[in-house]
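Right, one structure below, let's go through it.
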Amino acid sequence: MGGLIAESSGFATHTEEFSAENGFNNYNNNSSNKKKKRRSRRSKHGYSLSACSSASEICMDEPSLLANHAMPNEHHEHQHQHQNQYNSGVSSIPSMYVNGETAAPDNQKQQYFAHENSGVTFSISSPEPDVRVEPVEPVLITRQIDCRPKYFPPHWSAEAVSKLLEEGSLLRAIFRVNAYNRQEAYCKIDGVQTDVLIIGEDAQNRAIEGDTVAIIIDPPSSWPRMKGSIDAPYNSASRNLRQQEVLTHAQDSSKGKTKVNPECENVSSSKYSVFPENGTHCENECSSGALSGNSHVNGVSDNGYYNDYQPLVSDSVDSLEDLCILVSLLPSKRPTGRVVSVIERSLRRDNVVGFLSVNQWIFSQESKRKDFRKNKHKSNDYILLIPIDPKFTKMMIPVRNLPGSIKKRLESGDLTVETDLIAAKIVDWSEESHIPEACVIQNFGRGSDIEAQIAAILFENAVDASEFSAEVLSCLPHSPWKIPQEELQSRKDLRNLCIFTIDPATATDLDDALSVQRLSNDVFRVGVHIADVSYFVQPDTPLDIDAQIRSTSVYLLQSKLPMLPPMLSENLASLNPGVDRLAFSIFWDINSAGEVLDRWIDRTIIQSCTKLSYEHAQKIIEGSFENDYPHLYGKFEWSDVIKSVKNLHEISKVLKENRFKSGALSLESPKLVFLFNEEGIPYDSLLAGRIDSNFLVEEFMLLANRTAAEVITRAYPSCALLRRHPEPNVRKLREFESFCNKHGLKLDISSSSHLHNSLEHIKEELKYDSVLFDILMSYAVRPMQLAAYFCSGESKDTNSDRCHYALAVPLYTHFTSPLRRYPDIVVHRTLAAAIKAEDIYLKGKRMSRNPTEEKVLYRCFTGVHLDRDAIESVEAQEALFISSSKYKVPCTKTLADVASHCNEKKLATRRVKDAMDKLYTWVLLKKKEILYSEARVLGVGPRFMSIYIPKLAIERRIHYDEVEGLTVEWLEATSTLMLSQSTKHKRPNRKSSPGKSRTLEEVALIVNPIEMVFSQHCGVEEHIGSGDVSEVVISQEPAVFPLTVHLLSTIPVALHAIGGDDGPLDFVARLYLSSYFH
């Protein structure tokens, strides 16, 4: 084995290498000249770190592929220079005598560096400055270590993180990445108005989209200014003592009053800059100044690699309370932070979709064959995976671990592998790797294939598309099934009521039905009847476990993935017309003013007399229901159904009006609807809004959900599954207010009610500009936070922490869709337990009551009137306990876990819908080749403009900076853009990067007016000048040069699809212009 000789005199050092049987001599002869040229690096104490530097330069078995493509520029050069080098050394090691023996003092810090091939470890002891030492002969200590270069700081230990989370020095948050710029990520912290910005790879520290992370907040001195913010002058008099204390502490910390975390002992100071990937643009408010505050914790050595990373906590914001105070005192600043640990890994780590970078791998292989040394010392062979989701970084996959079929195609030179969509999962991301390592799970097929894209979308969002197992199906009743006699005896029989369903025409899983009876001239009894799915899905059975895992049905525009087996969701439990079904029924006695006078809830048996579509119900409302009757079952006539629908419509209008008077908010906007041909291919799209029949059903479903939430919270205040909607992001809401005010539109954001009324007034003002109002509504949605399920026992505040902002109600849950939502099944079980407990309590009261007593016994759990004394009585609590055991009401912790899982699945379903809309939009554009449309300018600047295309309800950008043949003039004072065609060669901007300039054809589709006239005259649907062909006659007129653009201008654009086989699906928008010079 090898060895080292270190000679020292005092604190001066000198190192020499000597050869040994491991072959170091050959390397040293070849690299001695290079070594002399290397600059020595010294520590802050003046000790030589040559051993440290040399050890870090020992040959790393890094794949050349990563050196060429996966590193920032400044890392690339260093990595290439030191690849496959072997050198080592030891700095002088002063020691002291202890009891006659040579030993290192206790307060010395040990740093270890290893030779990867030889297994030799070198320990360098660095004494503290205040320790007296006596120079002696150098001591060589060998230990096994790892000296690979580190790109990231290590994650803190689980014990330290847990302790600091409890103390409040660290904060727990969900890690979300900016899709437009992966260098920026955001963490939403409950109770904090502004998201925390995590900027740069070092601060993100290997966190992945969706991870639950522990973050430390930077001192306010490093917080960047937010876009469009204006500094408000400090008013010291208005601050309370606590606010002043927090602000003073933050200011002192920014001056350098820090102490080291006791877990760690050394801090390496260095400069570090973040290099965004080529082509990315920092959209948000971060500035270079935001990075300077982080430099003291980066731990990056001069060569670009991390040394021992030592975290600081005392110079950060100390607690959540302090952070909230600082955010309120510094409204123009964006808080920043750093990830110190990944607490829970996101499920999305196991569901990555992308393309293999085959051409880069082939280039790397050819480079290796040309280099004899690389053949001799063979390195690991990797291929890059480029994820289709821009929130994920590139990943490396060992070629040896590829599936045999892919490996065989690679070896045969099959370049079509690069067009296949690949499923992968992240297996490791160590400190020594600039990008994560992944492994291939599945090959979906060509990226241009619709079925492959759908399979990839489902995989990426962890949607279970598998068939139901035999074990799950065994839980279903045997066919034919009929309602058992015991259920007929124990349930209320409502089969004599005129009950019907109103659903989409293609619906097969019918969750809800409606009924209405006139009790008097002024009072109606309205009934909502929901399929009793909990009767079939018993707790802890394979059917229940599978439904909980799936959590929700997933709709794919032309098909669906049901949460429950079709035998149950479309047959036995579905409220199909003409058959007896089990249900949960809620009745309200409602007067003409929309007031609920009384209510009744129980498990029932119903029979729907007909299945109405929304279109049927709309025709009844409009009085045009003729010759289009669906089948009618039972003793009822169509006059009964028509009268019921009209009565329900009138009642729903009153309920809706009352709801908005109480502060509810509506952000209604048209939805994109695709029209499909017989082959299932979209041939057109349109924007469709909701109709009165939609609102009719919605009002009664909202009322049913509110009622269920009240009942289960009364009965089980710590075990109720509820749904809340937090207040909107204040900063974003103010930006929306500023946008409206800038365009002469008054907006009041002081409450949900005022916001709704303001939007209604704006709608009236813009009744002749529906496109602009749709844009405003899309902007109004952005400040809104997502609604989420939660367990009532985990809410901190019984009022504000539980409320639903948009509905303006204190309690809300999901009860009306148990065939497609698992939370509704849980609510049904809790509601059944409450009803049973109420029956037990009332029965006991009747038995113990004096026969002569005339006191009325109110329903304490399900009734309108709240009797707190009755609910808190011993008898009622005993009844609740008995019922909860029978129906297996989950405990607080179990329910919190269910809520968390359902929230994840709900979010995944939303992503699937967005991805499916994008897929079919892409297919539509691909079929049309070019779509000509009008667009509204949402934002304009000197480099690009943001546009909204009403036809597809999407936003896109058009970049016009550094375009050959285009002259750009930006007038800052008036926010006006002027684009002119230039016949001269454009001289590149000196500040622009090489190869960044674009051709005019990339930015604009330009046609010659003469050719357009000729094409129209001949009936030819082809643009000779552009070479683009459209399947439809062009009705959109092009604009002309020079083009003047203002905010909210209307401009013509041409859209076409890109990606598929050669990258992620996307659409490109170009200006549509005509010019005689083209």
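The backbone N, Cα and C atoms fix where each Cβ goes, glycine too.
As annotated by TrEMBL, region 'Disordered' applies to 21-47 (among others).
What TrEMBL lists as compositional bias 'Basic residues' is 33-45.
As annotated by TrEMBL, region 'Disordered' applies to 74-100 (among others).
Among the features that TrEMBL reports, domain 'RNB' is placed at 491-837.
A 10 Å cutoff on Cβ-Cβ distances gives D503 (Mg(2+) binding site) a total of 19 other Cβ atoms nearby, all chains included. Taken from TrEMBL, the feature Mg(2+) binding site covers D503, D512.
As annotated by TrEMBL, site 'Important for catalytic activity' applies to D511. All chains included, 25 other C-beta atoms sit within 10 angstroms of the C-beta of D511 (site 'Important for catalytic activity').
For the pair formed by D503 (Mg(2+) binding site) and D511 (site 'Important for catalytic activity'), distance between Cα atoms is given as 9 Å, rounded to the nearest Å.
Taking the domain 'RNB' (491-837) as a whole, pLDDT averages 94 in the prediction. Same-chain residues at least 6 positions away in sequence with a Cβ under 8 Å from that of D512 (Mg(2+) binding site) are, in sequence order, T501, V528, H529, I530, A531, L575, V697, M701, T816, S817.
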